[in-house]
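Participant: Input: one structure, supplied below.
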Amino acid sequence: MKWRRMPVGPIQANAYFLISDDQCLIFDPGGEGHKINQYIKEKGLTPLAILLTHAHFDHIGALDEVREKWDIPVYLHQNEKNWLADASLNGSGMLRGIEVTAKPADHLIEGDGELNIGPFHLETLFTPGHSPGSVSYYVKDADLVISGDVLFQGGIGRTDLIGGNQETLLTSIHEKLLTLPEHTLVLSGHGPETDVLTEQDQNPFLNGFSL
């Protein structure tokens, strides 16, 4: 199993591809749908689904363009089911003259659980705090977790947007992400990948925090 990061859109949010043979899952198609679709075509991949870590505009900007091209379902946490169609909730309403909206998700995630999509087995980890419906996707077979804007290399997600809460975010990180095996790669919503051990030891936002 392989993965590929593709920074897209004006804020360079990371879209991800999880690839097994000629099939793939797409995570957070935040912009530049033509670029995402072209990569899929060039690699001869068959996408099976789109999984959203959360519904902020920079992670959903190309959602409809990609889903309609490949006719695939979209997964999102139920707490943000109304955000795709509401620019004031997904944050694009703050931008001048740009409102990002998308059609409703096909499948709503309720909390921690498991997803089996084709050859892919994922654990859904409910990790609110950056947003009320943030989900991290743990792929044990690939030793990685796609964390969205919850945890970054040397940083954590912002909590000053709608539904954000710093205490909730820190609890999510410590209870759901830092309890994963230390070698687990953390694929973040912006910037480079990191790993659980590095963030346990070096992340200044997590030092001194205790439950």
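Each residue, glycine too, has its Cβ placed from N, Cα and C.
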Participant: In Swiss-Prot, the Zn(2+) 2 site includes D58, H59, H190. Which of D106, D141, D143, D149 does it also list there?
Facilitator: D149
Participant: Taking each of the binding-site residues H54, H59, H190 in turn and counting other Cβ atoms within 10 Å of its Cβ, which one has the fewest?
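Facilitator: Relative to the other binding-site residues in H54, H59, H190, H190 has the fewest Cβ atoms within 10 Å.
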Participant: Quick check: which same-chain residues outside H54, H56, H130, D149 lie with their CB within 8 A of the centre of the Zn(2+) 1 site CB atoms?
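Facilitator: Here the non-site neighbours turn out to be T53, A55, H59, S131, S134, G148, V150, G157, L161, G189.
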Participant: Taking the Cβ of H130 (Zn(2+) 1 binding site) as the centre, how many other Cβ atoms fall within a 10 Å radius?
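Facilitator: Counting Cβ neighbours of H130 (Zn(2+) 1 binding site) within 10 Å gives 30.
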Participant: Between the binding-site residues H54, H56, H130, D149, which lies closest to H190 (Zn(2+) 2 binding site), Cα to Cα?
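Facilitator: Answer for the nearest of the binding-site residues: D149.
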Participant: Near D149 (Zn(2+) 1 binding site), how many other Cβ atoms are within 10 Å of its Cβ?
Facilitator: 28
Participant: Which of the listed binding-site residues (H56, D58) has the least company, meaning the fewest other Cβ atoms within 10 Å of its Cβ?
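Facilitator: Selected from the binding-site residues H56, D58 on minimum Cβ neighbours within 10 Å: D58.
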